[in-house]
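Student: Mind having a look at this structure? Questions to follow.
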Amino acid sequence: MGYTLCVLGCGTMGVAILSGVLASLDARHSFVPQPKKWESHTPGTVTPQTLEDESLPSRFIACVSREETAKKLANAFFSAGTLGRNVEIVQARNVDAARQSNVILLCCKPQIAQKILSESGMKEALDGKLLISILAGVTIAQLEAMVLPSTKVVRAMPNTPCKIREGMTVVSTLEPSDESELERSIILNIFSSIGRCRFLEEKHFDACTALSGSGPAFACIFLEAMADGGVMMGLPRAEALELAAQTLQGAARMTLQAGTHPAQLKDAVTTPGGCTIAGLLAMEDGRVRSTIARAIQVATERASELGQPGKR
């Protein structure tokens, strides 16, 4: 038998993660051949191919605070596939749900984490269990101060494209223990179902917040600017946006799938005296490269402030 997975604060991100896990498990149990994903994961991020039942969830509990939200989730999961209909949705029963679970995903808003974790009986309910937090700006040390020493606290940071199972999740490295291999498999099974997953030390999380967390917003600025340029030169808006989006997606896939460095891709389409080098020089004149890099730097600095009391 597998383990019980509980999502505390099952909002938008919680639903996205749980839906990805359910879809992944449905695909494993389906007799219909599943299309291969366009890119293969880099070493250390792929979900293990030989899995013990204990590393896969077999029971799912989604916790919410309002009855209206519970009804919405019930409808959403009912249409999510066979396993989705088995999701247990509970309202205002966090402690009871955590007590029945082996792995707990903390997906609430950061400002109410302390309220949830300080509920009467919650510390005991989490005793000896794996607690995975996706709360932005809340450190492992802060979380450990709210639970018993026996609770294994792990920090994970998925980004918004996980909603379409194209996310990038960074997970804090695990301390060596007898359970670390199983815990690693559990974590990979969860987050590889919504995209790519990479383990990094927590000290890198502020930079990861800026790069992969805020990154979709930065990428959309570039995407929108490319489409605007196409419109300026006479392309219809819809077609300009499609061309720009597919071009960025294709370039990203070539980098991930083939392992090609972006500079090689750039040079491959840059001919002497051509239109590409003319456009690249215009971008260099506008300091696009340094502006983007500085945006990551500034966002990282701001992310580090968010984790400090009084600076949220």
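Cβ atoms are placed via backbone N, Cα and C, with glycine included.
A TrEMBL annotation is a machine prediction, not a hand-curated record.
The NADP(+) binding site feature in TrEMBL is assigned to L8, G9, C10, G11, T12, M13. TrEMBL lists N94 with the feature NADPH binding site. Positions annotated as domain 'Pyrroline-5-carboxylate reductase catalytic N-terminal' by TrEMBL: 58-137. For 202-306, the entry in TrEMBL reads domain 'Pyrroline-5-carboxylate reductase dimerisation'.
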Student: List the same-chain residues at least 6 positions away in sequence whose Cβ sits under 8 Å from the Cβ of C10 (NADP(+) binding site), in sequence order, or say none.
Tutor: L18, A62, C63, V64, L73, I89, C107
Student: Using the alpha carbons only, what distance in Å do you get between N94 (NADPH binding site) and G11 (NADP(+) binding site) once rounded?
Tutor: 14
Student: Using the recorded NADP(+) site (L8, G9, C10, G11, T12, M13) as reference, state which further residues of the same chain have their Cβ within 8 Å of the centre of those residues' Cβ atoms, listed in sequence order.
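Tutor: After dropping the recorded site residues, what remains is V7, G14, V15, V64, C107, C108.
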Student: Can you tell which of the binding-site residues (L8, M13) has the fewest other C-beta atoms within 10 angstroms of its C-beta?
Tutor: M13
Student: Which site among G9, G11 has the most other CB atoms no more than 10 Å from its CB, taking these as binding-site residues?
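Tutor: Comparing the binding-site residues G9, G11, the most crowded Cβ belongs to G9.
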Student: If you count the other Cβ atoms within 10 Å of each Cβ, which of the binding-site residues T12, N94 comes out on top?
Tutor: N94
Student: With DSSP, how much of the domain 'Pyrroline-5-carboxylate reductase catalytic N-terminal' (58-137) is helix, how much strand and how much coil, in residues?
Tutor: 34 helix, 19 strand, 27 coil
Student: On the 0 to 100 scale, where does the mean pLDDT of the domain 'Pyrroline-5-carboxylate reductase dimerisation' (202-306) fall?
Tutor: 95
